[in-house]
Amino acid sequence: MARCWLLLLTCVVASVASSGHAAVVEHTFSVGNFSIRQLCKPPMVITAVNNQLPGPTIYVHEGDTVVVHVDNNSPYNVTVHWHGIFQRGTQWADGPEMVTQCPIRPGRRYTYRFSTAGQEGTLWWHAHSSLLRATVHGAVVIVPSSGDRPFPFPSPDKEEILLLGEWWNDDVVRLERDAFLTGVPVRPADAYTINGKPGDVFKCSGSNRESEMYKLKVQANSTYLLRIINAAVNTPFFFKVAAHTFTVVAADASYTTPYKTDVIVVSPGQTVDALMVAAATPSRRYYVTVSPYQTSFPPQPFRDTVATAVVEYADGGGSAGNTSPAPPRRRPVRAPTPKVHDVGTAHRFLSNLTALLRPGQPTVPLAVDTRMFVAFGLGLADCRPGQTKCRRSHAPALAGSMNNASFELPAAVPLLTAHSENISGVYTRDFPDAPPVPFDFARPPGRLAFTSKSTKVRTLRYNATVEVVLQNTALVARESHPIHLHGFNFFVLAQGFGNFEEGEGAKQYNLVNPQERNTVAVPAGGWAVIRFVANNPGMWIMHCHFDAHLPIGLAMGLRFRTDQLQIVPCHHHQGTCLTADSLIEIFSFF
Ligand SMILES: *[C@@H]1O[C@H](CO)[C@@H](O)[C@H](O)[C@H]1NC(C)=O
Ligand SMILES: *[C@@H]1O[C@H](CO)[C@@H](O)[C@H](O)[C@H]1NC(C)=O
Ligand SMILES: *[C@@H]1O[C@H](CO)[C@@H](O)[C@H](O)[C@H]1NC(C)=O
Ligand SMILES: *[C@@H]1O[C@H](CO)[C@@H](O)[C@H](O)[C@H]1NC(C)=O
Ligand SMILES: *[C@@H]1O[C@H](CO)[C@@H](O)[C@H](O)[C@H]1NC(C)=O
Ligand SMILES: *[C@@H]1O[C@H](CO)[C@@H](O)[C@H](O)[C@H]1NC(C)=O
Ligand SMILES: CC(=O)N[C@H]1CO[C@H](CO)[C@@H](O)[C@@H]1O
């Protein structure tokens with residue numbers, strides 16, 4: 001009890017200190033049917049927030065409290081996840097369906113309330129129910145609290161959000177249901193998009209191709225802060241702007257040492273903030289290209305196309321007062337896109353980023369309390385009873401697994417509810433710290449591919465420093481999976497190809513300024529080592545951010561022991577799924 005009061009007191013003091021002008025920023029999200037024309041097809045009804053794609057941007061100052069009322073006017077169950085927000089003391093607002101909450105049912109409202117204290121940069125929000133994330137998503141921008149604390153880099157003249165996505169000419173909920181019934185992942189998207197628009201690469205006749213293209217209007221010599229978000233469901237991207245270069249200043253809302261590059265690599269779930277100076281010839285226009293990065297082997301089907309936007313200079317370079325008619329439009333300048341399998345370019349970008357060291361900011365902890373080795377990837381499992389189209393009755397279905405456990409969400413009671421109310425039979429606490437047998441993870445061993453479904457959770461001691469080796473396997477295929485941890489940022493100490501070797505791997509650790517992220521794209525057939533302090537009690541999920549892989553089990557639960565600490569002092573519980581979708585108030589200490 002004394003501890004509890006001490007913690008409360010500390011939090012109150014900390015929040016007063018860090019949020020002099022903290023405001024409450026309130027939004028109402030109506031999730032509902034939205035009719036949209038894409039790729040020259042007849043209008044299609046999709047599920048989107050407030051009749052827009054992407055959905056509304058949440059723009060706040062560090063320390064502000066965000067309150068979002070989600071009205072579910074769609075025909076589907078839905079929840080919203082605030083990707084990268086720590087949710088300290090507000091675990092109930094994290095959003096993954098059946099992990100921290102029951103789905104919000106059609107016709108119901110649910111209110112999320114959380115703080116942005118201690119976080120700055122670009123994050124995003126998205127549905128965490130079925131494939132709805134494909135169209136139910138938007139940006140979260142947290143700028144430094146006004147006044148004394150500016151950006152730790154030269155202030156840009158203007159900011160621009162570029163949200164990259166995938167588009168299906170189809171009902172994504174039906175696609176996902178089919179994927180479950182057949183045990184085969186969702187088919188590739190029909191197009192990639194930049195701020196909801198595919199660009200002009202689809203040559204459908206009779207329509208104005210320019211109108212399908214997002215326009216980034218710039219002033220010559222101005223500096224733009226591009227906030228790039230990969231909201232795609234299954235595809236990592238290369239991002240380029242012809243004749244322009246970038247200085248990366250942040251990734252996943254963590255500042256980086258300024259890093260100059262002409263190509264940005266961003267995997268699903270990740271964000272990159274980069275400065276771009278509009279220093280090209282103003283009389284021309286320039287393509288922004290978003291092209292796929294594919295690592296799967298044996299190759300899996302993917303959409304081999306590019307999304308385009310265009311950079312246009314104000315005045316097109318003409319001097320003010322020039323009244324002569326605009327010259328005929330030339331096609332924008334285009335830079336070559338990296339090859340789809342360009343592992344070298346991707347790895348250089350992803351492994352070269354380092355954290356910006358700033359006084360007062362936490363750095364990588366050096367002593368490790370808990371070590372885990374998590375071998376993960378795609379394997380096979382028996383078709384389940386509900387999978388009625390799964391090839392033959394005993395043919396296998398594709399199944400993601402971590403340490404040979406293929407994660408299944410509980411059906412009736414969310415994990416956090418079970419945890420907080422001590423309801424047994426919802427999950428087990430036996431997620432193993434290592435795979436059952438060590439083997440050559442980077443090469444297909446065949447017989448080890450079989451896994452089975454379970455809901456296994458690893459309990460971590462409060463305040464423990466946890467190091468996890470994320471080892472990609474090649475059970476049925478090799479691929480660079482983006483692994484996302486809820487509730488935390490982690491330090492990425494090192495990444496490499498092949499099998500992680502304890503001695504050799506540790507020699508490569510960056511223990512000075514490793515990049516901090518919430519999602520790491522683990523190299524295909526390779527590994528990444530992450531480290532974090534388990535100081536945010538709750539029930540958090542770590543999963544592959546290819547949405548096609550989450551429903552088939554590429555996930556695990558992490559339960560952070562709370563018995564030493566009263567972490568959610570007075571919230572009303574949500575009950576089970578039979579009662580949970582009404583409005584709940586969440587009290588916390590900010
Ligand atoms: C929304 O769209 C779904 C699927 O297309 C349809 O079944 C439903 O009737 C629509 N609802 C409204 C309110 O238009
Ligand atoms: C941009 O900077 C270049 C080089 O300093 C200069 O020549 C040019 O006039 C500037 N353009 C504008 C519109 O300020
Ligand atoms: C939780 O439930 C188990 C039995 O299911 C019981 O043994 C245990 O004492 C309970 N713990 C608390 C804190 O209530
Ligand atoms: C993995 O799990 C499956 C299903 O439970 C089991 O048959 C198999 O033996 C396990 N693999 C190893 C290497 O233990
Ligand atoms: C957690 O760890 C930090 C740093 O080691 C320490 O200062 C703090 O007292 C610990 N808190 C608890 C509640 O154990
Ligand atoms: C929505 O969620 C409720 C409660 O979990 C569940 O009973 C219902 O089957 C779900 N509906 C759909 C369409 O998935
Ligand atoms: C500064 C830095 O870390 N450079 C590295 C970028 O990545 C390439 C290839 O992985 C390395 O060779 C560089 O040393």
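Yeah, the Cβs are placed from backbone N, Cα and C, and that goes for glycine too.
Feature annotations, reproduced from TrEMBL:
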- 36-145: domain 'Plastocyanin-like' (DOMAIN)
- 160-314: domain 'Plastocyanin-like' (DOMAIN)
- 450-559: domain 'Plastocyanin-like' (DOMAIN)
- 314-340: region 'Disordered' (REGION)
- 1-22: signal peptide (SIGNAL)
Provide the three-state DSSP residue tally for the domain 'Plastocyanin-like' (450-559): helix first, then strand, then coil.
6 helix, 57 strand, 47 coil
Could you put numbers on the helix, strand and coil content of the domain 'Plastocyanin-like' (36-145), residue by residue per DSSP?
8 helix, 49 strand, 53 coil
Taking only the residues in the domain 'Plastocyanin-like' (450-559), give me the average pLDDT of this model.
91
